[in-house]
Amino acid sequence: MPASSLDELVALCKRRGFIFQSSEIYGGLQGVYDYGPLGVELKNNLKQAWWRRNVYERDDMEGLDASVLTHRLVLHYSGHEATFADPMVDNRITKKRYRLDHLLKEQPEEVLKRLYRAMEVEEGNLHALVQAMMQAPERAGGAMTAAGVLDPASGEPGDWTPPRYFNMMFKTYVGPVEDEAALAYLRPETAQGIFVNFKNVLDATSRKLPFGIAQIGKAFRNEITPRNFIFRVREFEQMEIEYFVRPGEDEYWHRYWVEERLKWWQEMGLSRENLVPYEQPPEELAHYAKATVDILYRFPHGLEELEGIANRTDFDLGSHTKDQEALGITARVLRNEHSTQRLAYRDPETGKWFVPYVIEPSAGVDRGVLALLAEAFTREELPNGEERIVLKLKPQLAPIKVAVIPLVKNRPEITEYAKRLKARLLALGLGRVLYEDTGNIGKAYRRHDEVGTPFAVTVDYDTIGQSKDGTTRLKDTVTVRDRDTMEQIRLHVDELEGFLRERLKW
């Protein structure tokens, strides 16, 4: 049975060292989390699986690691400086601040009906309601108060301010002088670093269309109301691909990447019934998108976006390129007066220059971790009436691949053998192997069930040739316990390597 609530997952993550509140000893920093010993392993395993699939296993992909600090002009011409904002509203009574669309989603149906009527918007179209409210903020604030919009913190109707936009980018300054010339930003997405490096990568690799550039990295958004644990946070990590194609082939490649990403998430252990493709209607599309399909996941807190696959057309390269007019670029935020490079592709057959279209699969690493934990969390009743919690993670993603456990910790022959075996298994390169000498084998099994360790290897008296029957026939054999079935088998240590490699290698 899965986790019944997000609180249950949060408690497990803290108790077992997956994820902690950042700066907790000083009251915590809202919307910021630290990954603990097991969390960092799970997160890295997910990222490595993504990189292996999309970079190493493909012949049409290159990698990139662009800087977090971003030149102001990059985000000026991308449109972020002017438009990367969320609608915000305050309750004068509680002094609480909320993102408007999130606040409205939590309202009772009768409250929303009154608000739709007050703003003269067709019922059921929340996107249109938010747009209407932002176009008439004074009227909207009064309508919210009159309609009895509830404050989630108090559960009572609020006295609401007119909504306004809040830019979510974190500003900083490069160098010792904090003036306009030194202004820079912490990147709000990893994508822009790929776009401005398009020509660099193209020149360095001599790639031909279609090809992609992949990147994993941190991004920062000053979210108005971070919530739902690591789902919506202010510092997060993205796994993004910008896949460059010829105009006219974009719709094919968009469909291709939607199917490819759905397939990959299932291979990582997410069930198909919990993955819901959602094609955004025209009124929900971002200003740069021709089409977007979101892969939604049934998180403990509800159905929410795990990954988005957008057809961004020529908007991005067209916004950052020089010679926009000569290249026939119309889908741009501003006339670019600063770019020094032509971000275009020369057709090797016709010699004609054009700006490629871009398909962007963009996934949240933190959301992926949360989805994997939610999917894997299982509570089972055992035949003896006891209950166990087990994380049924895909073995290759598990933070600890193998636990090597001496049956007793007061026999040097057994503990030293276990340590040597741990080193031998670690040399296989399959991931983290943990030596643990707690002295209570039953508790060790339960602990490793709870953190998702797929195999526990026990070194005992038989292993060192001191069987109870006085024989040495089981010398150099160990007990291997399976996490999911709890079944135990006896293997010679020389067989153990092949056994584990077969089950843990990608």
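For all residues, glycine too, the Cβ spot is worked out from N, Cα and C.
Look at Swiss-Prot and you will find ARG99, GLU189, PHE236, GLU237, GLN238, MET239, GLU240, GLU360, PRO361, SER362, ALA363, GLY364 tagged as substrate binding site. Taken from Swiss-Prot, the feature ATP binding site applies to 221-223, 231-236, 305-306, 364-367, supported by sequence analysis.
Distribution of Swiss-Prot features across the structure.
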residue: ARG99; record: substrate binding site; CB count, 10 Å: 22
residue: ARG221; record: ATP binding site; CB count, 10 Å: 21
residue: GLU223; record: ATP binding site; CB count, 10 Å: 19
residue: ARG232; record: ATP binding site; CB count, 10 Å: 21
residue: ARG234; record: ATP binding site; CB count, 10 Å: 19
residue: PHE236; record: substrate binding site; CB count, 10 Å: 21
residue: GLN238; record: substrate binding site; CB count, 10 Å: 20
residue: GLU240; record: substrate binding site; CB count, 10 Å: 25
residue: PRO361; record: substrate binding site; CB count, 10 Å: 24
residue: ALA363; record: substrate binding site; CB count, 10 Å: 24
Open item on the list: Within 10 Å of ALA363 (substrate binding site) (Cα to Cα), which of the binding-site residues ARG221, GLU223, ARG232, ARG234, LEU306 do you find?
Closed with: LEU306
- [ ] List the residues of the same chain that sit at least 6 positions away from VAL365 (ATP binding site) in sequence and have their Cβ under 8 Å from its Cβ, in sequence order, or write 'none'.
- [x] LYS43, LEU46, LYS47, ILE216, PHE236, GLU237, GLN238, MET239
Open item on the list: If I take the alpha carbons of ARG232 (ATP binding site) and ARG99 (substrate binding site), what is the distance between them in whole Å?
Closed with: 12
Open item on the list: I want to check the contact list for ARG367 (ATP binding site): same chain, sequence separation of six or more, C-beta distance under 8 angstroms. What comes out?
Closed with: ILE230, PHE231, TYR297, GLU304, GLU305, LEU306, GLU307
Task: Those binding-site residues, out of ARG99, GLU240, PRO361, that come within 10 angstroms of GLU223 (ATP binding site) at the Cα - done: ARG99
TODO: Out of ARG99, GLU240, PRO361, point to the one nearest ARG234 (ATP binding site) in space (Cα versus Cα); all of them are binding-site residues in the record.
DONE: ARG99
Task: ALA363 (substrate binding site) - helix vs strand vs coil (DSSP) - done: strand
Task: Spatially closest candidate among ARG99, GLU240, PRO361, the listed binding-site residues, to ARG221 (ATP binding site) (Cα to Cα) - done: ARG99
TODO: Can you tell me how spread out the substrate site is, meaning the largest CA to CA distance among ARG99, GLU189, PHE236, GLU237, GLN238, MET239, GLU240, GLU360, PRO361, SER362, ALA363, GLY364, in Å?
DONE: 26
Task: DSSP-derived structure type at PHE236 (substrate binding site), helix or strand or else coil - done: strand
